[in-house]
């Protein structure tokens, strides 16, 4: 049995509808007909929306009380990358001195996991590459979410080839040691492809920090480097090549002393050989073939570092024509107490070398009293002695 429609073209109104009141802003007043606010449905028929009244549409609209709209959240707050804050810094590729300078200025709007103040520092890494070999950091600024560092971090031995293939990663980290907290992930990080840099021209950045994307370190890398306990934290799974590091050597033929001065200045980005992620490096020098004079030297050991500075100089007596027929073998080792030292990398300078190694050797012996400093990439195999 069909339900009868409302008489006189009007819908029936229930007692609940009569008891409704208007809660819009302004004086409280009852609602005469709630159907004017909501569609009216009959209990036994298909829901039918009320047809619009054409005359009411043509009549002038009665202004109603203004409705309060919720304030939309700032656009940046809805994005995780911009909610972590921003970092201001400047990069300068000093091509003449083979150096990359990164000046960390300040951070703004940091969002630490815990309430209150935070102690922060900036950590830098060159990717791809060994994590600790290229890791630099600023000092810690305490008790603020708007830290100002104004500190410059310098990567030595940085070349145009590095600028074309490497990326600089900057992380804003909380120094949990000062507050005896458990070390957590960085507050935010960013990455800058260094191919964008113009040599000898500073460039400033103000970039939003992002969440760090972490994966487990490949076990093959740890095993190959003897690094089974290298890092407990998760690091980037960027498989870098077998780059063993670089060494800065200076050569000068002294006409006054009648011999070759070899300076071992520094090494950078050495391969870690110890379980703690570092090495105890030193450098060995050998002039081959030996003429019975002093031909072997070695530097002192630098403890627990992958970027050692030596600044030590050694002398090989001999005429330029005699030295031109010889080869200088330079090797970097990791010192181990009680066991055999581990080979890190080496380089050979001679008339039979090629590239920068050959140029370094020829220019040194071709010009007296001319000191020439050049960076050399270390080979992963020990230098071979010729006949």
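Backbone N, Cα and C atoms are what each Cβ position is placed from, and that goes for glycine too.
Taken from Swiss-Prot as is:
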- 274, 280, 334, 336: Ca(2+) 1 binding site (BINDING)
- 274, 334, 336, 342: Ca(2+) 2 binding site (BINDING)
- 83-209: domain 'C2 1' (DOMAIN)
- 243-376: domain 'C2 2' (DOMAIN)
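Note: residue 336 (Ca(2+) 1 binding site) has non-local neighbours 280, 342, i.e. same-chain residues 6+ apart with C-beta under 8 A of its own C-beta. In the three-state DSSP classification, residue 342 (Ca(2+) 2 binding site) falls within a strand. The number of other Cβ atoms within 10 Å of the Cβ belonging to residue 280 (Ca(2+) 1 binding site), over all protein chains shown, comes to 19. Compared over the binding-site residues 334, 342, the count of CB atoms lying within 10 A of a residue's CB peaks at 334. Take the CB of residue 274 (Ca(2+) 1 binding site) and look out to 10 A: across all protein chains shown you find 18 other CB atoms.
Take the mean position of the Cβ atoms of 274, 280, 334, 336, the recorded Ca(2+) 1 site; other residues of that chain with a Cβ within 8 Å of it are 273, 278, 279, 281, 335, 341, 342.
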